[in-house]
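Chemist: After the structure tokens below, expect a handful of questions from me.
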């Protein structure tokens, strides 16, 4: 709540409504947020035929909405400035580009715009009732609940849940993008989004320590970077307004990345972020569907597998890069050492591709214990995926400021890609790593016995 309060102090004036040829998202001013707004919901339809010019529709006039097609509703959340969401247009265009569908923007800016968050929160059920009235008319015209998909951002995620509850969980799918936490944390299932609200509920948690919901809410819950501080977002209040909203918005930007085919973000089901970082959760156990779940639009490839689980809920973790397309590429670095005594320390690994590109991973979340003839498997994360690795460097460090410098004697090092398990494993034998000295070498193909 503290971050939410600070957010309000950074609000700046935005432009008021103006007449436009094509209907667009309601644009209000900060003055509207201060004096408050009554609830008014506009439904704006976009199709492949009308991708940039919306058509305002309602329960008595469905317009050009094709009830035989998939219909995706986008529901925004709290708007303390009255301005349109910066991501809305891109999300609409990206959805239409991947599949022929109806995209309906649920514009409840008159209602969500207020500096008093509880006032916006109190209107969520009213918005849900309006959406149910509209969907009832869709069903009367021949639509199927199976083809209804709701993407809810922040408060919008709970609105989607309330709609799903009114249809006894028969909606096709709900995606919650960092569902709002304040006033919803700890509430019973009927007062928030939960897995029973749709046939498939997937959730991305990106700001669990401030504006987002802490606990799992779906059949599968994704936690980028543990669901806390997101790379690329300001770490202090000196980052201005971005400090307060960047982590919260990152769920939307990560979802957008899944629609844009720059890379596929893979997540790893795990009990905790710490276990994931320690490399304990890289086998997903669902090879008959996909090796591991993908974040975002294609997360429902895992729905049948999750339905068979008891309970049908899974947490999945992954890390991201600071900038688009946010992908991190995972490798295992398997090290067998032959020191007489245990060596504890950290490994930094660099890869150089045949094209000259270099990428680095610091495996430093906690020290590893290297014991004689025991294999230590380290999960390394790189911002770049190198198809052909020409050179590898390793650096061993105990991070000790005083005391002797140690050696790590490596009997065998093996590098294997998790994203591309079909790639050949690369090895190197009989290395001596001097502490804090980078050691370069050319890898060779591992023998078949060690694949």
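Placement of Cβ uses the backbone N, Cα and C atoms for every residue, glycine included.
What Swiss-Prot records for this protein is below:
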SIGNAL    1-16  signal peptide
CARBOHYD  66  N-linked glycosylation site
ACT_SITE  154  active site, nucleophile
ACT_SITE  178  active site, charge relay system
DISULFID  233-246  disulfide bond
ACT_SITE  248  active site, charge relay system
DISULFID  270-281  disulfide bond
DISULFID  284-292  disulfide bond
DISULFID  427-446  disulfide bond
Chemist: Nearest to residue 292 (disulfide bond) in three-dimensional space, by Cα, is which of the active-site residues 154, 178, 248?
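Modeler: Considering only the listed active-site residues, the nearest one is 178.
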Chemist: I'd like to confirm something. Which of the recorded positions, 178, 233, 248, 270, 281, has a Cα closest to the Cα of residue 66 (N-linked glycosylation site)?
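Modeler: Considering only the listed recorded positions, the nearest one is 178.
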Chemist: Write out the long-range same-chain contacts of residue 446 (disulfide bond), meaning residues 6 or more apart in sequence whose Cβ is under 8 Å from its Cβ.
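Modeler: Long-range Cβ contacts: 414, 424, 425, 426, 427.
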Chemist: The residue listed as 'active site, nucleophile' has how many other Cβ neighbours within 10 Å of its own Cβ?
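Modeler: Step by step: centre on the Cβ of the residue listed as 'active site, nucleophile', count other Cβ atoms within 10 Å, giving 31.
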Chemist: Tell me the Cα distance separating residue 270 (disulfide bond) from residue 246 (disulfide bond), rounded to the nearest angstrom.
Modeler: 25
Chemist: Kindly assign residue 246 (disulfide bond) to one of the three DSSP-derived states: helix, strand or coil.
Modeler: helix
Chemist: Which one is it: of the recorded positions 248, 270, 281, 284, whose Cα lies the shortest distance from the Cα of residue 178 (active site, charge relay system)?
Modeler: 248
Chemist: About how far apart, in whole Å, are the alpha carbons (Cα) of residue 233 (disulfide bond) and residue 248 (active site, charge relay system)?
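Modeler: On Cα coordinates alone, these residues lie 10 Å apart.
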Chemist: Residue 233 (disulfide bond) has how many other Cβ neighbours within 10 Å of its own Cβ?
Modeler: 20
Chemist: Which residues in the same chain, at least 6 apart in sequence, have a Cβ under 8 Å from the Cβ of residue 281 (disulfide bond)?
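Modeler: Within the chain, residue 281 (disulfide bond) has Cβ neighbours under 8 Å at 268, 269, 270, 271, 275, 317.
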